[in-house]
Amino acid sequence: MPSCGACTCGAAAARLITSSLASAQRGISGGRIHMSVLGRLGTFEAQILRRAPLRSFTETPAYFASKDGISKDGSGDGNKKSASEGSSKKSGSGNSGKGGNQLRCPKCGDLCTHVETFVSSTRFVKCEKCHHFFVVLSEADSKKSIIKEPESAAEAVKLAFQQKPPPPPKKIYNYLDKYVVGQSFAKKVLSVAVYNHYKRIYNNIPANLRQQAEVEKQTSLTPRELEIRRREDEYRFTKLLQIAGISPHGNALGASMQQQVNQQIPQEKRGGEVLDSSHDDIKLEKSNILLLGPTGSGKTLLAQTLAKCLDVPFAICDCTTLTQAGYVGEDIESVIAKLLQDANYNVEKAQQGIVFLDEVDKIGSVPGIHQLRDVGGEGVQQGLLKLLEGTIVNVPEKNSRKLRGETVQVDTTNILFVASGAFNGLDRIISRRKNEKYLGFGTPSNLGKGRRAAAAADLANRSGESNTHQDIEEKDRLLRHVEARDLIEFGMIPEFVGRLPVVVPLHSLDEKTLVQILTEPRNAVIPQYQALFSMDKCELNVTEDALKAIARLALERKTGARGLRSIMEKLLLEPMFEVPNSDIVCVEVDKEVVEGKKEPGYIRAPTKESSEEEYDSGVEEEGWPRQADAANS
């Protein structure tokens with residue numbers, strides 16, 4: 001690979017700083033530091049001069065050296081001084097002559113020997129001739145070869161800037177419609193939000209890059225291409241430090257290199273330059289979303305389905321496990337860590353992702369415990385404030401130990417956050433604000449504030465005698481009038497609610513929608529059970545009346561679509577027990593089976609009687625001995 005003198009990625013750091021034995025005796029105060037890494041796929045050498053630019057380094061490829069002196073590239077010149085003589089992670093039999101590849105010094109070509117340490121297996125080797133030490137890279141490190149870095153850097157940045165045009169909202173809506181039944185308003189909001197997120201990524205290019213493009217007209221580079229080049233340099237610099245085992249922000253060497261890279265990047269206008277500027281660029285800001293609705297209405301399913309069709313990283317995080325910093329539980333930074341993991345630890349790609357915060361209503365504060373520290377409620381909301389608005393989060397690096405403190409900085413300014421929660425009892429709070437009675441079952445004016453009081457009131461008013469359809473319609477009507485003060489009374493702090501400007505209420509599922517959920521969408525409930533029975537060569541037939549009866553049972557349980565699977569498991573328990581290894585070829589379920597008036601019907605295949613098969617299976621039916629005696633006589 002050619003020298004990197006034309007880029008701004010800085011110098012590459014190596015895993016082991018080596019020098020000659022004479023230089024080691026004089027100390028490292030000389031005018032030159034020599035660093036070498038011996039890898040399975042190649043050898044990377046970097047020379048850093050005291051007063052030379054840090055970015056001036058060279059790279060020498062290396063190949064395997066076989067026993068007969070012929071290199072893997074087929075040159076076969078056998079020159080010991082050639083840097084293309086091989087290296088591998090394992091030396092095989094070494095000097096014993098039993099075959100296998102041998103480690104050779106990339107400087108002089110002489111054989112290297114393992115350094116004896118107190119550890120049984122060492123990765124360090126030494127050249128006896130030129131007294132150089134090398135470290136043998138592992139399989140994981142060899143996969144991150146320096147030779148492949150420019151290609152991976154270009155791919156990582158072009159994913160964000162040179163992708164195909166973002167899908168229109170209608171196309172995203174149609175895709176969600178294949179898997180999620182109903183919730184048309186929520187689908188439209190999510191589709192538009194994702195589309196605008198794509199546009200914000202593609203258009204929020206710093207203004208200084210446009211000015212730089214005007215200055216560098218001879219390069220004929222567009223602002224987007226300049227941004228790609230800059231991010232390629234940053235990406236390559238970060239990956240070189242990771243391969244060398246050095247954090248970009250963890251020591252003096254990495255810090256100095258990062259400072260040099262930052263100095264070469266044009267900064268935004270500040271101070272007097274802003275006052276004198278006559279042109280202001282429009283920067284698109286994000287609009288975080290809050291989905292609220294009853295349990296089983298499809299909030300999490302919408303997020304899971306949306307994650308499949310996106311070209312940006314998408315992470316789903318459960319807020320119930322989050323705690324304030326310093327307490328047992330998952331830290332708030334783990335939200336961004338999951339997004340970084342989904343982006344394959346590409347920081348630039350993760351900074352343009354989408355985070356789905358599930359069960360966000362569970363971190364609501366609980367009134368009445370002010371003498372205690374609410375580490376799982378209000379404390380988590382306070383920790384999420386800057387995360388939602390946009391800040392730099394320190395996330396632990398990949399394969400880094402906690403004690404070492406190596407972190408990666410991720411900017412959350414362009415990360416879109418979508419929160420969701422059931423908010424049980426929120427309709428009671430809205431009803432109290434509107435001074436309305438709730439279906440004639442008393443007034444909640446004497447109830448306390450907070451999510452616990454609201455949930456208790458909602459549970460107390462659940463009665464089997466109430467009209468289920470009327471109850472659902474009333475709740476949906478109230479949720480459509482939700483305001484920020486209702487969420488604050490529920491237990492969310494005002495600062496948290498203000499950072500979620502788009503509030504989307506999801507409606508409850510009625511009987512017709514539940515019947516559609518059973519059969520229509522891809523990966524529906526009934527086709528899943530039909531696939532289970534087909535593995536035992538059996539069919540499952542469910543009548544239309546049975547589907548409606550199942551939907552009515554789910555409505556009475558008030559658990560939404562999740563109640564459908566519970567009902568189906570109870571109905572099909574006996575058939576799933578009887579069908580395997582039997583002659584049943586069809587199971588029929590009708591309305592009476594759902595209502596518990598009779599058992600499921602079975603259709604059996606015609607049997608072929610054979611005395612030999614009965615004898616082999618050990619089955620003795622009544623009258624079988626007499627038939628056998630008659631046959632023998």
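For all residues, glycine too, the Cβ spot is worked out from N, Cα and C.
The Zn(2+) binding site annotation in Swiss-Prot covers C105, C108, C127, C130. What Swiss-Prot lists as ATP binding site is P294, T295, G296, S297, G298, K299, T300, L301, and the listing cites similarity to another entry. Under the heading compositional bias 'Low complexity', Swiss-Prot lists 84-93. Annotation source Swiss-Prot lists compositional bias 'Acidic residues' at 611-622. Here Swiss-Prot flags 93-146 as domain 'ClpX-type ZB'. For K437, the entry in Swiss-Prot reads N6-acetyllysine, with the evidence type similarity to another entry. If you look up Swiss-Prot, you'll see S617 marked as phosphoserine. Residues or ranges marked as region 'Disordered' in Swiss-Prot: 68-100, 598-633. The feature transit peptide is assigned by Swiss-Prot to 1-56, with sequence analysis given as support.
Where Swiss-Prot records a feature, it is marked here on the structure.
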residue : record              : DSSP (3 states)
C105    : Zn(2+) binding site : coil
C127    : Zn(2+) binding site : strand
P294    : ATP binding site    : coil
K299    : ATP binding site    : helix
K299 (ATP binding site) to C108 (Zn(2+) binding site) - Cα separation in whole Å: 64
Those binding-site residues listed as P294, G296, G298, and which of them has the most Cβ atoms within 10 Å of its own Cβ: G298
Other CB atoms within 10 A, centred on C130 (Zn(2+) binding site): 13
Candidates T295, S297, T300: member of the binding-site residues with the richest Cβ shell (10 Å): S297
Environment of P294, T295, G296, S297, G298, K299, T300, L301, the listed ATP site - residues of the same chain whose CB lies within 8 A of the CB centroid: G293, A422, L506, G560, A561, R562
Site with most surrounding Cβ atoms, counting all protein chains shown within 10 Å, from the binding-site residues C105, L301: C105
Length of the line joining the Cα atoms of T300 (ATP binding site) and C130 (Zn(2+) binding site), in Å: 62
Zn(2+) site shell beyond C105, C108, C127, C130, criterion: Cβ within 8 Å of Cβ centroid: P106, K107, G109, D110, C112, E128, K129, H131, H132
Densest Cβ neighbourhood among C108, C127 (binding-site residues), 10 Å radius: C127
Pairwise Cα distance for L301 (ATP binding site)/C105 (Zn(2+) binding site) [Å, integer]: 57
Distance, T295 (ATP binding site) to C108 (Zn(2+) binding site) (CA atoms, angstrom): 70
Between P294 (ATP binding site) and C130 (Zn(2+) binding site), the C-alpha gap once rounded to whole angstrom: 73
Nearest-integer angstrom distance between the alpha carbons (Cα) of S297 (ATP binding site) and C105 (Zn(2+) binding site): 65
